[in-house]
Every structure is written in structure tokens, then in C-alpha cells.
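Residues or ranges marked as domain 'DUF6534' by TrEMBL: 167-251. Residues or ranges marked as transmembrane segment in TrEMBL: 47-73, 93-114, 126-149, 161-182, 202-221, 227-251.
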Amino acid sequence: MSETPSLLPRTGAGAFYVGIVIDFSGSPFSKCTYCSRGFADGLLLKLSVAALCFLDGLHLVFVVHVGYHYLIVDVNDPEVLEEGFWSLQATPIARILVARLVQCIYLGRIWRMLSKAIGKSRGRCLMIITAVIAASSCIAAGIVVIVALDASTQFRGWPGWLEFTSSAFLDCCITVLMILVLRRGLNGGQRMKTLASTLIQYAIASGLVTSVACVTYLILYEQVKNSFAYGAMEAIVSSLYANSLLVMLNAGSLNHPSLQRSRSFIRGQDGDV
């Protein structure tokens, strides 16, 4: 009992509450917008988006349950807080699944765009192989973390470092690959250049935001152990990943003949992932 109370979160409840509010107000709008568009997307993409919406909503339920336990039910019981409970263990697993699903959808689109040039450019072939290796390693890291969380309620230490660093690294790789794919649109007409430039800026911004969010979560969780401020990042990170994809899919509603090349990336070749 000597050191346990000092390591328990006793401040930062306000930040956690703000994180839940942001989570509530963010992705639901993007989800409703996507569903109302009635896109002729492929079945695989529709199933992927449905799974993403389900996992993101499930993550929000887990976050609210964690907040209920920490802030209301067991706030004065250090032993219960230290032992953990089911939603505390399930929350990071849901977040990992959301992040990896979004990253896989992005990589699937990049693969379809770059695979056409495998026979034309050895450099692009090498880039695809490197991306596949990096993505496989990061996805494997997520699986390892999920297995570790299934055996223990403690996320501090190597599981946290492995998860967040691999997520940030894969986000950076996806951003670079998206820029390489989209920059071909800069050779088109003025409207094509404008859209390609906008998508490149969005790719940089979304990749930077998710990477910074992962690093911020890691710093708060590993270094500020007596505060619950990291809970705000737990609530926000999943929503950031979901929105980064849904907003781009909603941009596919742009309907102009000169935008078809960029829309082929937004919606995927033949409307599929």
C-alpha cells in the first residue's frame, strides 16, 4: 500500500471528459455523411467501413465504461483500480483494431495504384516490397500487443512502446506513399492539380495528426503516471483514425470528369478496397 496510491490517476478527470466529448462529436457525423452518400463502393470496402464503424463505436462504449469505473464506482478503492477490469483491458484492443483496419484500407488502395507500375519501374517495385514488409511488421506488432493485453491488464512498458511507435511509423510510411501516388495528379490540368494538391496536404495533415496523437498518448501514459489525462488521448485516438479515412471517402462525392484519376484513389480502383 505504500507506493500504489501514488501511481493511481488522481488528476486529469476533466481532460478525460473532454476527450469523450470530442469522441462523441467527431466520427458520428462522418459516418452519417458516408452512409447518406450512397456510394457505389465495392462490397469489401463497405464491409470494411461497417467493421470500422462498429469497432469505433465499441471503443467509445469501453471508454465510457472505464471512465464510469475510475471516476464513480471505484475511485476510492486503489486495489480495484490496480487490478483492472474487463473494459480497461478491452479498450486498447478495440483501439488497436481500429487503427490497423484504417491503415490496411489505406495500404490496400496504395497497393492497387502502385501495382500497375511494377513491370515499368524497379524502384516502384522495391517501394511496394518495402511497404509490405513495414506494414506486415507493424500489424504483427499490433497482434503481439493484443496477445500481451489478453494476458495482463498492464499496458505500460514494452506493449505501449511497441504499439504506439509501430502505429506512428506506419502512419508516416502511409503518408509518404500517398504523396508519391497523388503527386502524379500534379501533371494534369488546373483542377486536377488543385485536387491533387489538396489531397496531398490532407495526407500530410492526417498522417501528422495521428502520429502526434500516438506519441502524445505514449508520453502521457508512460511518464505522467499519477494523472488520468492520458484517458483523453485514449478516447480521441480511435476517432482520429476513423475520421481520417471517412473524411477522405466522403470527398469522393466530388463529381467532375477531370477528377476521375484522383477519385480512383479516394474510392479505390473499380470501387473496391
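Every residue gets a Cβ built from N, Cα and C, even glycine.
Listed as Cβ neighbours of the transmembrane segment (161-182) (distance under 8 Å, sequence separation of 6 or more from its ends, same chain) are residues 92, 96, 99, 103, 106-107, 110, 113-114, 127, 131, 134-135, 137-138, 141-142, 144-145, 196, 199-200, 203-204, 206-208, 210-211, 214-215, 217-218, 222, 262, 265. Same-chain residues lying 6 or more positions outside the transmembrane segment (227-251) and placing a CB less than 8 Å from one of its CB atoms are 9-13, 15-16, 18-20, 22-23, 26-27, 30-31, 33-34, 37, 39, 41, 49, 52-53, 55-56, 59-60, 63, 66-67, 70, 91-92, 94-95, 98-99, 102-103, 105-106, 199, 202, 206, 209-210, 213-214, 216-217, 220-221, 266-267. A mean pLDDT of 78 is what the model gives for the domain 'DUF6534' (167-251).
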